[in-house]
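Record features (TrEMBL):
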- 15-30: compositional bias 'Polar residues' (COMPBIAS)
- 150-280: domain 'N-terminal Ras-GEF' (DOMAIN)
- 321-568: domain 'Ras-GEF' (DOMAIN)
- 1-53: region 'Disordered' (REGION)
- 82-108: region 'Disordered' (REGION)
- 564-591: region 'Disordered' (REGION)
Amino acid sequence: MPPTTPYAGKFNSCPPYSNNNHSQPQSPYRSHTAPKPSRENAYTGAYSVAENPYDVPQPHAAYRSSSVSSVNAKEHHYSSSCAMSGTPYSSPQPHSPRQHSTSCPGRAYRHTSNCSSSSSDQSCRNSGSSAKARLYGHSVTASYGEMCYHDNSLVSASLEALIQHLVPTVDYYPDRSYVFTFLLSSRLFLHPYELMTRVCHLCVEQQRSGDALLDKIRFREVAPKLVQLLTEWTETFPYDFRDERMMRCLKDMTLQVARGDEYSWRAMQQMTQCLIKRLSALGQYEEAVAALNAMAQDRPASLKSKQTSAQRSDILSMCDDPFILAQQLTHIELDRLSFIGPEEFIQSFAMKDPLENHKGFFRKRKTSNLEAYVNWFNRLSFLVATEICMPVKKKHRARIIEFFIDVAQECFNIGNFNSLMAIITGMNMSPVARLKKTWNKVNTDKFEILEHQMDPSSNFSNYRTALRGATQRSETAHSSQEKIVIPFFSLLIKDIYFLNEGCANRLPNGHINFEKLWELAKQVSEFLVWRQVICPFDRDRRVLQYLVTTPIFTEDELHLASYESEGPENNMEKDSRRSLRSSLLHRENRS
């Protein structure tokens, strides 16, 4: 259902989501020439982002134990999305991880162990047999070795069993939803390097029979599936391989594969080349962001040059069309979203013990791209406040407020909720909110409606309704613009954080709570779909440069600029202005 508000019908220029093109509101800043779509990439040399791994249901595995009914499975073959258009990640829409959970219970193991019983119907009930199932009403809870299922969905298992379940064999390849879910969340329990080492070791060791010729034949048969697994890993979680130990392990496996199968060896080389290109693009992106941040470090002239602020370029001199500015903001949002690795959501609260001591990515660049995106939100909020507080004339300040309201409205129409919320946040900062004489000259009807859409009450229920509407529009999109969904990112992080905090990683019997891992993967997989959209709008490099590099006020400088725009109203504000002036003057003299 499209989002509804108590203002329905009143806010005609901000229509509810639909599959039709949005009619753009008329604005005093707005030209009537729509820009031509462009599919230009954000950064030179940027790689195409790996798409979501939940899009193609995989045939269920044939299990290797007589205690479980086998299911005929089609053999999986690997392919590299860097070289082939027929990539297994081609569909833009994900399926839920739970929809992809294996319909037959997991692989039975040579070694079984008892699982502690629990009052929950979903708990493991295994008394030493390799497979056991019980009926509870219309639901079935079953245990197979050290893996427990409820209604044919994996709910818990030991870490060793989960690792073993990831290892491919000649007649088995793990379901792709399981591969993504476990690779994503396994870092809560062990380092990716340790997981990769153990998976590769098990895959090789399981082919050993004591006969060198037979071993070579068996490994040649399993090599394509091992390459497929590593390809999925490098495509979906390429940042794991910034750790030199991961690259060394990948190189070792390439040499191992080369001894058995030339075709698989060539596929490994192709996969490694694609990985290196991705990591190179990431390095270029991080250097570009660092350079832009350095350019923005120059402080704008403070109060001493307030009177000459007319000489400074402002947002209206750069772009007086709110639709164009909203498009450029969407470019920046999608550019920065595309470089956030899905694992960064999990690594933000992953364990920090001895793993931190190694110079790999856990210490150096654990969540750098995620943090850079959050910093962009903060910068945009302060940029909005700076642009409003800078002008000397009240009429000019009011015009800029009205302009940003129109930009926020256009962001809502596009589906860019992150920029929308950043603009609202900037306009609600106390240095801006206290400008009562300025606000009296502004028609705030549209702003109040936008604030209602992003109202934090009831856990952002209005925003979540609008986000669902944007997601539905994206799923049935008839144009590139309709595919755009940029969530309010801080709330997405908060949701994932509380999902992690609200559910235990392990159950009382020591098993890993795989239901929690399914839910984490489900939330992150939505993000993967949103981030792969290519911005269809023309790029205005002059406006983009201004948005990411123009200097902005600090919080203290904003307060001081606000007091200069509209004088203090009480003794507390007078004392605050005096203190801020003294502090900033002292800071300038020291610099």
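Even glycines carry a Cβ here, placed using N, Cα and C.
Automatic prediction, not curation, is the source of TrEMBL annotations.
Looking at the domain 'N-terminal Ras-GEF' (150-280) alone, the prediction's average pLDDT is 92. Per DSSP, the domain 'N-terminal Ras-GEF' (150-280) is made up of 99 helix, 8 strand, 24 coil. Residue counts for the region 'Disordered' (564-591) under DSSP, helix first, then strand, then coil, are 22 helix, 0 strand, 6 coil.
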